[in-house]
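Features of the protein shown, as given by TrEMBL:
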DOMAIN    9-87  domain 'RRM'
REGION    88-121  region 'Disordered'
COMPBIAS  111-121  compositional bias 'Polar residues'
Amino acid sequence: MAVNKADKRALYVGGLDNQVTEQGLYTAFVPFGPIKSVQIPLDYKSQRAKGFGFVEFDDEADARAAIDNMDDSELFGRTLRVAIAKPDRPKLGSNKPVWAETDETMDAGQEPTQDMDSGKP
């Protein structure tokens, strides 16, 4: 969920039990006002919920009411942590290690490195 730095309508909801679905989270928060979106991120490998989610309200006052009422409340026996969601962090670089050379770096005008044992490029 992309969160605008000045947007105070998007909430982080932590401490979710694995049984909580997006529909269940929606049902828990809709009493505070119209909801724009609900997301519960899944772990890439296991495809299980990571234990947190995001709820975005249409109105900032509704989001504030949800925080006031739902922070430290219980859902499926777990205590929720509810707060304004922080903006997405910019992604720097890639997931590749710095030392991993690809054809792209060669095409970018870099000289090939020499094999220290053979002296050949």
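Using the three backbone atoms N, Cα and C, a Cβ is placed for every residue, glycine included.
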Model confidence over the domain 'RRM' (9-87) (mean pLDDT, whole number): 95
Helix, strand and coil totals (DSSP H, G, I; E, B; other) for the domain 'RRM' (9-87): 22 helix, 26 strand, 31 coil
